[in-house]
Amino acid sequence: MNKRGLYSKLGISVVGISLLMGVPTLIHANELNYGQLSISPIFQGGSYQLNNKSIDISSLLLDKLSGESQTVVMKFKADKPNSLQALFGLSNSKAGFKNNYFSIFMRDSGEIGVEIRDAQKGINYLFSRPASLWGKHKGQAVENTLVFVSDSKDKTYTMYVNGIEVFSETVDTFLPISNINGIDKATLGAVNREGKEHYLAKGSIDEISLFNKAISDQEVSTIPLSNPFQLIFQSGDSTQANYFRIPTLYTLSSGRVLSSIDARYGGTHDSKSKINIATSYSDDNGKTWSEPIFAMKFNDYEEQLVYWPRDNKLKNSQISGSASFIDSSIVEDKKSGKTILLADVMPAGIGNNNANKADSGFKEINGHYYLKLKKNGDNDFRYTVRENGVVYNETTNKPTNYTINDKYEVLEGGKSLTVEQYSVDFDSGSLRERHNGKQVPMNVFYKDSLFKVTPTNYIAMTTSQNRGESWEQFKLLPPFLGEKHNGTYLCPGQGLALKSSNRLIFATYTSGELTYLISDDSGQTWKKSSASIPFKNATAEAQMVELRDGVIRTFFRTTTGKIAYMTSRDSGETWSKVSYIDGIQQTSYGTQVSAIKYSQLIDGKEAVILSTPNSRSGRKGGQLVVGLVNKEDDSIDWKYHYDIDLPSYGYAYSAITELPNHHIGVLFEKYDSWSRNELHLSNVVQYIDLEINDLTK
């Protein structure tokens, strides 16, 4: 297995206006370990307790501050932060100069940022990124490692947190932080503005060093970290994606832990966009992970490491012409030993919002479903893909000279046809999608194809015979709701393999129902079982656990602010009415929930573990909730609530699995993926390892 390190680099910025300030005390310099840096700091010290009173380091720092480039390296903890607080400040404290200061600040939402202000020079910069910090892990305050680089040569201000570049902003008018007019105060835990402390902080600064130099990316990478997390998928890895969403985890019978995810190239936007499905695996209980590969991908658009704009003008830009995959789910078939992965498939330019809801994309002929195609220049779908991939003309009732191969590529007379690939960039303030000169095989899902599928959503299946080391070509599943209804939407996460039979089940949803896809022959054929739900427009993403033989409990997202559940007592054939869990809150739009049945007893009872945000005000406050199962009636007592991080820190889609050593692996979106302010964040899908004792304290 190709093992790799987890230091990563990313770049995202938010430009704004103003905000901050603070005050003074004393310090002692320690010998601190900051990796293989090429120069010595002009100041270093620690540790400092911040309790709503600033610490003045002016006499120790200001006379040494010189030159036009600086670096600040800081290790700090803040598990009970104020809503807005300054960690470090340089300022002109005299009357009339309240807007002359530099500040490194944080918010209690996990945002980190800087302000650089000089009223006389007309400089007013604010750069920040939300969802950048950790507050606590396993009940203890987390030490965050912050590096801020002010580089006069490149005219950039760059922030790294916990080994991740969270923003790098280039400006036309660069102001060195050392050249702010009239600096006379250097403070920890506040900024001194006109003699008053502003943005007081709570927490601790364990170590801090300042350098009269802009240190390099390579030097930053040598600074030791105390991260509680890993990155399985990261910006710039083998996927060449800058963004990832919708994680899954699944522990195979061999002990290998498999993960899949959306590798997103057009920011964090859902389809329509360019999105592939990537996978990685671990053979050592999640300690190290293989280099990602693709389980499903299209080639109509190039895999590009693009930094999507986060400003209000451009952040809503979406790739409009690419085909995509989205929302994967995994199950292992114990009979054949193969791994099955399903995902939604979207043709070029199609997403949930604009998919044709009244067309399956298939035509039924003599009890068989055939994929429909429209030829360029036609007004309707006059062709179908028949046996052996032959493209059949429905008007003449004759085969054509065209065929579709197992990759859904178009051939004429046995010869592959091609289209020109697209690349994207931002030019003159707008998104540009342009041909790049590379020819790729023509595919019926591509916008430039001679033949195109119906612009609706589909479900695809791929399998792996070697536990995720490689994947076969995907195949479309047939429609389950008839010709005149679009496909159901896959519930991302895990499928369910029943213990005492060969049955496999995946949960999907459509308007007003959960539609369970069931296979009893290792995924060769599928049937459906429908269960009505009292929501017409809910994204009812569901996950299943088998409480005991043939008894399945499904937990799912709703529009009620609660997690719903239903039960089947006949291996998924029929389902109970919907009930709701008390004691766990979600927003009115809901969030995906992840669930597993734990293999060991907890407090002498069988147990279920849920992963969910527990908040009415956003996708935040992530918890693992342990429920103890009462055998008499299959009711569940939700006894233990474990906080992933602070209640105000983001937690959106998640995946959990029981590792071979009985720990719990958690891969989750550590940000509020619903918030328009938190679009297009890189390296926020993070993996942690928890022991069951952590959850039940």
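Placement of Cβ uses the backbone N, Cα and C atoms for every residue, glycine included.
In Swiss-Prot this protein carries:
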type     : residues         : note
ACT_SITE : E541             : active site
ACT_SITE : Y653             : active site, nucleophile
BINDING  : R245, R557, R619 : substrate binding site
REPEAT   : 462-473          : repeat 'BNR 2'
REPEAT   : 517-528          : repeat 'BNR 3'
SIGNAL   : 1-29             : signal peptide
Neighbourhood of R557 (substrate binding site), C-beta criterion under 8 angstroms, separation at least six: A538, T539, A540, E541, A542, I563, A564, Q586, G590, T591, Q592, V593
Per DSSP, the repeat 'BNR 3' (517-528) contains 0 helix, 5 strand, 7 coil
Sequence-distant neighbours of the residue listed as 'active site, nucleophile' in its chain (C-beta under 8 A, six or more apart): R245, I246, P247, P492, T591, Q592, F668, E669, S673
When secondary structure is assigned with DSSP, how many helix, strand and coil residues does the repeat 'BNR 2' (462-473) contain? 0 helix, 3 strand, 9 coil
Cβ contacts within 10 Å for R619 (substrate binding site), all chains included, total 25
Which residue among the recorded positions R245, E541 has the fewest other Cβ atoms within 10 Å of its Cβ, if you could check? R245
Max Cα-Cα distance in Å among R245, R557, R619, the residues listed as binding substrate? 17
Same-chain shell around substrate excluding R245, R557, R619, C-beta within 8 angstroms of the CB centroid, reads E541, T591, Q592, A652, Y653, E669, S673, W674
